[in-house]
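As recorded in TrEMBL, the features of this protein are as follows:
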- 6-152: domain 'Lactate/malate dehydrogenase N-terminal' (DOMAIN)
- Asp42, Asn105, Val129, Gly130, Asn131: NAD(+) binding site (BINDING)
- Arg92, Arg98, Asn131, Arg162: substrate binding site (BINDING)
- 156-327: domain 'Lactate/malate dehydrogenase C-terminal' (DOMAIN)
- His187: active site, proton acceptor (ACT_SITE)
Amino acid sequence: MAEPIRVVVTGAAGQIAYSLLYMIARGEVFGKDQPLILHLLDIPPMVGVLEGVVMELADCALPLLRQVVPTTDPLVGFKDVSAAFLVGAMPRKEGMERKDLLSANVKIFKVQGEALDKVAKKEVKVLVVGNPANTNAFVCANYAPSIPRENFSAMTRLDQNRASAQIATKMGVPITSVNNIIIWGNHSSTQYPDAGQGKVLVNGQWKSIVEAVGDNAFLEGAFVETVQKRGAAVIAARKMSSAMSAAKAACDHMHDWWNGTAPGQFVSMGVFSDGSYGSPKDVIFSFPVEIKNKQWKIVGNLPISDFAKSKLILTGNELQEEKNEALSVLDSN
Ligand code: NAI
């Protein structure tokens, strides 16, 4: 058996973490033969809840789980970690302006970036789930200059999974028969779910989704809107935000980063933009990526329709604005 690796989940007393911790500890992300030490980071008012989570993890009797470290101290939480799931964030409360939300989160991700910089392994892979995920990842990376920028990412995998599920349902095929759907830009309602490069397995043959669906009005209309508004639809139905599906998506994201993507297939991740596809540089923008040896690479030269281009500009502008607002909050502190 391999040596255990340390993995941190922040927001460990929250609802996404409740599903996520179990999935990680079962070996869904790092493999069935990779022992784990789980670090659980939350804030002082949640210590009691955290104790309950620790008890339940013990009671799960999970073979791969060697130790659990609950803490409210980022310097303990991030110590020697190889992978970090940054789920904890300040939620939007009634009457809260976007700027207030951003400002509260900028402070959290500054502290966490600084702690990662000081005590995490330099090769740590950081996945930011807590919203606004893209800008939080940007802030976190900025405060961890000793860790390569490529090691910071934001989650758009839930959007990708939602989009793939919509196409699978439309075509009446299993989810494994759909791939290469792209989420471009911000994890917000300006994201652009793009089925233009996607493939679907029909009657034993991989076909372009555009051809197989044969309904551009759907692909540019109801499909995009359903994915963009899916989070709100779940909240309206469940009275709580997506948690099980968010946890599964976080596992998928880190799993593929750790283990690589299959030849010819790509996944979407929010990563530092190099300006590809006309996106603004140096924001965390969701692109299609291929992954090998734990390194992602933006898939280049995909043909982009004029419709897609206009959507990419919209979401890119929003990310640029968020980044500027985050920087102004940091400057004023
Ligand atoms: P939750 O409110 O149930 O849990 C959040 C936890 O984070 C709480 O236990 C809270 O105490 C903790 N927390 C707050 N500040 C912290 C800090 N500074 N350090 C450590 N822990 C801290 O929320 P839930 O449902 O688990 O969602 C977590 C985040 O994930 C939210 O920001 C939500 O908007 C976001 N989200 C992102 C998705 C994506 O696709 N990127 C999808 C779904 C949710």
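Along the chain as shown, the residues are counted starting at 1.
The backbone N, Cα and C atoms fix where each Cβ goes, and this holds for glycine too.
Only Asp42, of the binding-site residues Asp42, Arg98, Asn105, place a Cβ under 6 Å from an atom of ligand 1. When pLDDT values are averaged over the domain 'Lactate/malate dehydrogenase N-terminal' (6-152), the model yields 96. Taking CA atoms as the reference points, Arg98 (substrate binding site) and Asn105 (NAD(+) binding site) are 11 Å apart. Look at Arg98 (substrate binding site): DSSP puts it in a helix.
Take the CB of Asn105 (NAD(+) binding site) and look out to 10 A: across all protein chains shown you find 23 other CB atoms. Rounded to a whole number, the distance between the Cα atoms of Arg92 (substrate binding site) and Gly130 (NAD(+) binding site) is 11 Å. Under DSSP, the residues of the domain 'Lactate/malate dehydrogenase N-terminal' (6-152) split into helix, strand and coil as follows: 66 helix, 27 strand, 54 coil. Here the Cα atom of Asn105 (NAD(+) binding site) is found 10 Å from that of Arg92 (substrate binding site). If you draw a 10 Å sphere around the CB of Arg92 (substrate binding site), it holds 15 other CB atoms from the protein chains shown. Closest by Cα distance to Val129 (NAD(+) binding site), from the recorded positions Arg92, Arg162, His187, is His187. Separation of the C-alpha atoms of Arg162 (substrate binding site) and the residue listed as 'active site, proton acceptor': 13 Å, rounded to the nearest whole number.
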